[in-house]
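Colleague: Relevant sequence annotations retrieved from TrEMBL are reproduced here:
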type: COMPBIAS; residues: 230-243; note: compositional bias 'Basic and acidic residues'
type: COMPBIAS; residues: 429-449; note: compositional bias 'Polar residues'
type: REGION; residues: 220-243; note: region 'Disordered'
type: REGION; residues: 429-479; note: region 'Disordered'
type: REPEAT; residues: 9-42; note: repeat 'WD'
type: REPEAT; residues: 57-89; note: repeat 'WD'
type: REPEAT; residues: 105-137; note: repeat 'WD'
Amino acid sequence: MKAKVLQIVWHEKEPVYSVDFHASGFLATAGADKEIKLWQLRLDADGDIQATHLQSLDGPSRTLNCIRFSPDGTQLVSGGDGGEILLWKPRDPANLLDWKVSTVLRGHAEDVWDVSWSSDSTAVATASTDNEAVIFDAKPECNGPRAKSRLQSHSHYVQGVAWDPLRAHLATQSCDRSCRIYGSKPPVAAGGKGKAKPRPGDTIAMAKDLICQHVLQKHRIPQGSQGPPKPEHSGKKEKPQKQSLFHDDTLPSFFRRLAWSPDGALLVVPAGLHKGSVSATVDNATLVYKRREWASPFIVLKGISKASVAVKFCPRLFARSQPAEDHKFPGQAELPYKMVFAIATFDTIILYSTEDFKPLGLLGNLHPAPITDLAWSHDGKFLVISSSDGYCSIASFGSRELGEAATELPAHIASVTIHDCPVMPSSSNPGLFTASQKHAQPMQSSSVPSAKPPMPVKRAFPGAGRTSGAKRRATPELAPLTGLSSGLAMQEPSEVINPQPLPSLPPGSPELVCKARMSDPACHPGFGQAMSMPSAIQESRHQVREPIVAPMQLNGHFSTAKQAPLHPSVG
């Protein structure tokens, strides 16, 4: 794995708020300069990451906060300040670099911070600072009003929205410290009055009947961790104490971008909190929920020094390193494949695998300002990280570095074709795109932007740090990477285990630290052991300005034995 901060002018040195890949392979970025830019990523002969500017799309009149391509690749949606939501389509289906605004979606009066497509590309869900999420009909043939459903359950800004790949649920997250799971109304009993159950596959009909089914807001501190027992003669039964699951509106982030796994089996929610006992401190965490099991998190990923703000799953599914029945890790997701996902905090990216929820790698000290969004290429070769400092970082992976491709896939994933065609015209693919192309503008200085010391914030809440002209700058926040202490919290037993932390790093040293599998049977199963870095890397910390990479170790053979698929059912 290689990682690099590309020193190019992405958006006129303005913050980059969103990134996304088209199914054919090119990258789209958007930010405070009110433009969408298309890029081609490639590896040169030395394996270094290069970006070529392909096209700039004009049209939005406000800062762009989120862009997402439809799963079928035929449309693009952009959400920005002032409730501006635009649907885009190619002018010519044969030229995927020339896009135009096809429809303006009206439904929000305030800033739109996140958008999400339904897996059939017929509907778009949006999250806004007007405390609402709205579902729009995105079918090109729709002629009437496109706003079909308005979800008004939250009492504060809605900062994230994610559509279930199976289209049975919609998840939203707000700075009112809650995550809400929406689903269709239960079917009416025979002979009863009411609406009929929506037809299977009819996303818009389902969206009209959405109700809030579950609210993820607080959890009980496990029994036995309530502190010293009360005297028996007290006569009062002590009520279990509760802890909020998420940060409040003082979290200095505009986004809480949650994500479903590609198969719909898991929902990973950022900006989480965890407290193991009354006397324990509250730790930052990312919460993992199993489908249809919303009473408590399936896994709590903790050990991060700053709050997580975004989650993104790699679209590719990989074969397990060992059969599911050979794993004894408590509460493990028993799936015939494994998935890889990235969690973004303000200044760190952590990679996890659903096989055992061990940290696979850590990217730190890449940006002096908060990270805003993540995007995986559809072939799993690139992970792009955007930041409000105006730059993007890119991590590249070898063809089998994350694992062998899975052979047993859920039906809704197996039916999707992954486009491996190159974007740039070549001798083997002449004329794929006809739009003019130009190279990205290099920066005058080749050095990484210097980190500024943290600035005091009187009140850090969504909306703080705004500047005039509808341009927004989150307060830069940079602290030395002091190491990652990974931990998991299971439902039973309710305990948090913190293994040996990774080596501490000096201030300002870009670093990528990976964790090796543990072979010592005396260690608790399911956790990684800190891996010492090569001496050459340790000696070059203070001289090298590029991110330092320690090889990712994925020990163990990949199972090729066929297993009965365990696909999540709708519901």
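The count begins at 1 with the first shown residue.
Every residue gets a Cβ built from N, Cα and C, even glycine.
Worth saying up front: this structure is predicted, and the values here are computed from it rather than measured.
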Colleague: Would you list the DSSP helix, strand and coil counts for the residues of the repeat 'WD' (57-89)?
Modeller: 3 helix, 17 strand, 13 coil
Colleague: Quick one: DSSP breakdown of the repeat 'WD' (9-42) into helix, strand and coil?
Modeller: 0 helix, 18 strand, 16 coil
Colleague: If you run through the repeat 'WD' (105-137) with DSSP, how many residues end up as helix, strand and coil?
Modeller: 0 helix, 18 strand, 15 coil
